[in-house]
């Protein structure tokens, strides 16, 4: 549009030494441990103590009238689901069903005091349960004698299995607690979205195969180790003619009904106050039929369900299971942290990775002492806790109380429950994990190294077992990072541009410049997003949209009127900020000024004492000259970050972007109505002149910028 604009660059020819002589380098001074100790006061000591017991923080702001009813409804709903999933997932761990109820009780209580997430539901997780089951069946096989371990003498097979499960859980808890105390929560960054997707898909296939024997009513010994899935399928098909038709029909009927009702729950979740607990309903019906009919086929052993006295872990089992316990610790934490992160972003609060490790470590240690097995969280159960209105872990505490009531009061009714019913419930809940296989064609078209990671991780986890499969996946992932970093160097040199020569450059008021000195991928995208600007754009956007709700409300009531000077408050009474928690998703949408007589200047004084954080940055420049590649995780994270900034009226410009990366962004449908390709500029100087044209500053500074004689009073921020 219009004539092409030109500019002339005139500056001295600098060597490194000459430039250093002329411009003083700014050094960052790092505070020493001695400085921190010297300036440690009572307030800091109090904050450090409170960080170890996060529940005190949210209990102090607990809104009894607004939150308690929601937490009660959520706690009851989650408790019913937790009972059923506890029973079902204990089959994956090769343990009697009621030990799953212990896992839904003890770890939840400990997490209430130590955890930083307010919305996740702690308890059994199918992938983790299966990993426990692999250890249990290796040490105490279905056929043949158990491994020679001191402490097994005089115990039944089930008691030996409980000891193994509790001991490996205890060891897993020690590892998580140690990692938390050593502040290595960042380790989860090395599990990319692609790797976790491939791993959990493989786990879903393992779970499906493990439940076939219950659905078909066959006696198949539990196997573990490489190729165990092949041997299990062989043993199932060899005796397929012995299928118990009654079990098979019951399972298929339950799966069909549960699947249909869950689809209805998803489709009409906005209209349903609480999701229909169809799994609980079907299980109660099956329990009733079994109890009335006195069925004897595949009934769990007759024993009164009760809490048992604490048990010390077996040190010999520690030595036998250390190799399996470490991947369990990593997987359990990674899944819980990723789910917690989703809800912390949605509800605008902070979670601490290291404190989460401490919380889960303590939960698993104390839970194992009371004979529960490995605890993490399940996405489906956490979704129930959040979607039914849960505000805090009070809901989790109430769900644990529901589990306790079921265990103590009506536990005897669970005795005749056919395992085929629980197997059907497990299988129907695998839909989400199995459907991840649809990512493969997309990854193949858009990002082949990521596709290789997904496929290799999945196949290795299926054939070699989940622990070895995870190790293989991590190895392949690190190889792809090295490969792409090397490839990126080739692209960088072949498309060489002379950009700017100084890390100390002039930033006009309202402009921020970030130089990113490395590729952006799954391990650093969260760090990159956190350091982008000095504020949380999503939080600002939500504050603005809440303020708009309040302004619309006041205009409707007539307490706010449009005058020549703008919006004027006519009411003298106190104005309460809108606390409408409905339509939380709308708060994340761009600010919409329709139905308002004027657009709001967010940096000016707002009527009715409405407080919205100021945003002093109008333009952000990202220098991509050192970014040689982005993976799919980084691409998603970058787009989310750009959208958040654009929605709070910060213009984003990306400069010196590699041609290969631009092609990839186009092919991956990166651009839309908000994130546009017009934000990319050839060099930093082009982008700066464009910004100065849109946001003029005084003529002296403009002249300085146009001649590239950069003052050195302000330097660009750099991601290290």
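Cβ from N, Cα, C; glycine included.
The range from 31-51, 283-303, 304-324, 325-345 that TrEMBL describes as transmembrane segment is residues 325-345. Annotated range for transmembrane segment in TrEMBL, selecting from 2-26, 452-476: 452-476. Sequence-distant contacts of the transmembrane segment (357-374), counting only residues of its own chain at least 6 positions beyond either end whose CB sits under 8 Å from a CB of the stretch, comprise 52, 90, 93, 95, 99-100, 102-103, 105-108, 110-111, 114-116, 122, 124-125, 128-129, 131-132, 162, 165-170, 172-181, 184-185, 307-308, 310-313, 328, 332-333, 336. Beyond the ends of the transmembrane segment (394-414), by six or more residues, the same chain brings 62, 67-68, 70-72, 74-76, 78-80, 82-83, 86-87, 97-98, 101-102, 104-105, 108-109, 111-112, 120-122, 287, 291, 300, 304-307, 385 to within a C-beta distance below 8 angstroms of the stretch. The stretch in closest packing with the transmembrane segment (420-440), judged by the count of Cβ pairs under 8 Å and taken from 98-115, 122-140, 160-179, 186-208, 325-345, is 186-208.
Only residues 6 or more beyond the boundaries of the transmembrane segment (245-262), in the same chain, are considered here, and those with a CB under 8 A from a CB of the stretch are 214-217, 276, 278-279, 282, 286, 297-298, 418, 420-421, 423-425, 427-428, 431. Outside the transmembrane segment (186-208) by six or more residues, the chain places 92, 126-127, 130, 179, 229, 330-331, 333-335, 337-338, 353, 426-427, 430, 433-434, 436-437, 439, 443, 450, 453-462, 466, 469-470, 473-474, 477, 521-524, 526, 631-633, 636 with a CB less than 8 A from a CB of the stretch. Averaged over the domain 'STAS' (501-691), the predicted model reaches a pLDDT of 81. Away from its own ends, the transmembrane segment (122-140) comes close to residues 82, 85-86, 89-90, 92-95, 100, 103-104, 107-108, 111, 115, 146-147, 149, 157, 160-161, 164-165, 168-169, 199-200, 203-204, 206-207, 210, 221-225, 228, 317, 320-321, 324, 327-328, 331-332, 335-336, 360, 363, 373-378, 381, 396, 426, 429-430, 465-467 of its chain (Cβ-Cβ under 8 Å, at least six residues beyond either end).
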